[in-house]
Amino acid sequence: MAPIATSREEFDEIPTVVGIFSAFGLVFTVSLFAWICCQRKSSKSNKTPPYKFVHVLKGVDIYPENLNSKKKFGADEKNEVKNKPAGPNNSLRLDLEKRDLNGNFPKTNLKAGSPSDVENVTPKLFSEGEKEAVSPDSLKSSTSLTSDEKQEKLGTLFFSLEYNFEKKAFVVNIKEARGLPAMDELSMTSDPYIKMMILPEKKHKVKTRVLRKTLDPAFDETFTFYGIPYTQIQELALHFTILSFDRFSRDDIIGEVLIPLTGIELTDGKKLMNREIIKRNVRKSSGRGELLISLCYQSITNTLTVVVLKARHLPKSDVSGLSDPYVKVNLYHAKKRISKKKTHVKKCTPNAVFNELFVFDIPCEGLEEISVEFLVLDSERGSRNEVIGRLVLGAAAEGASGEHWKEICDYPRRQIAKWHVLCDG
């Protein structure tokens, strides 16, 4: 019986040995997986970064290579101030410690009757020690404006442009805006922020933070675009839209600034610029474009099939370039909208191809009280979509629209397509 007991003991030890080997195997596998992940991560970090966008807020660089060695923002400015002789009390400079909670600079009271002080305000806004080229157009005097022009003046935008040849990065710094109009009639102030995009592609859209209750917002925000060759910079343009935030309705558009980069040399370093904010360009009433649509009325199923085929000769949305059109289709019964559909957005084209079909159920027999409205709109992310043109087909329509509607009523189950000229929305 003794040998039998020994074999049972050995048999009981087998699960223990298997468990120990399994634990060691699991630890080894987890360690190997962690090591492989670390190796992949380190190899990715050594590669040249692909095209990407980096946002720097108030001078704090978040690019990984500079994160460890970045000093506290404002240290260089303090050292420069200590080395400079004391200037006049009424001179203006960027003292970051004197900002308020919104990031704005306190207003400095200038003595009355000193025109020389007013002339020196703009050049002293930026550090005198920096080797930066200032655009001649950016320092134009506004003392010659007439009274009508002063009433329409929407303020001035200050910004800087720079190109980093090592990283192939285009850098735009939105410094501040001055003299903005009050969009809130009650508080007589605004809550401004700025949207910026690179034209003509309109792909890269960025915006600053909102600064509350100020007409002289100091943003000091840097936007860096990687992967843009310097030879391509001359073909681009910057479009700034200055808006005022409204919590209870759509944001108010204050104005816009368009900067073609043709002829602007960035080889000598950072270039400081400013431009007057102008009123947003409004479309002219002529030339709304054309829309090709196909309609078919099925009397048996009492449905109306609408096919939005193409649009051509659409106008530009504004100074920012081509539109991003889409079509909204509304079905009306007795002047009441009962259904709506819309197509996909086509990017940056005046001649869009949609080829999208919609089927509407008709609540009554016949099409006597039915009408179809087509709205061609320009898609604008973050703001109200603007109507490019409008078309209405129905029994009360006149001209080519009325003839098209009469044909689909006279010839049911037949798909009839026609081009139509769009009118103002």
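Numbering starts at 1 and runs along the chain as displayed.
Every residue, even glycine, has its Cβ placed from backbone N, Cα and C.
Where the annotation comes from TrEMBL, it is an automatic prediction and has not been curated.
Quantities reported herein were computed from a predicted structural model and do not represent experimental measurements.
Copied from TrEMBL, the annotated features are:
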| type | residues | note |
| --- | --- | --- |
| TRANSMEM | 17-38 | transmembrane segment |
| REGION | 73-96 | region 'Disordered' |
| COMPBIAS | 73-83 | compositional bias 'Basic and acidic residues' |
| REGION | 126-146 | region 'Disordered' |
| DOMAIN | 153-274 | domain 'C2' |
| DOMAIN | 287-420 | domain 'C2' |
Message = If we skip the immediate neighbours and take only residues 6+ beyond the ends of the transmembrane segment (17-38), which ones have a Cβ under 8 Å from one of its Cβ atoms?
response = none
Request  = For the domain 'C2' (287-420), provide the mean pLDDT of the predicted model.
outcome  = 89
Message = For a three-state summary based on DSSP, what are the helix, strand and coil counts in the domain 'C2' (153-274)?
response = 4 helix, 62 strand, 56 coil
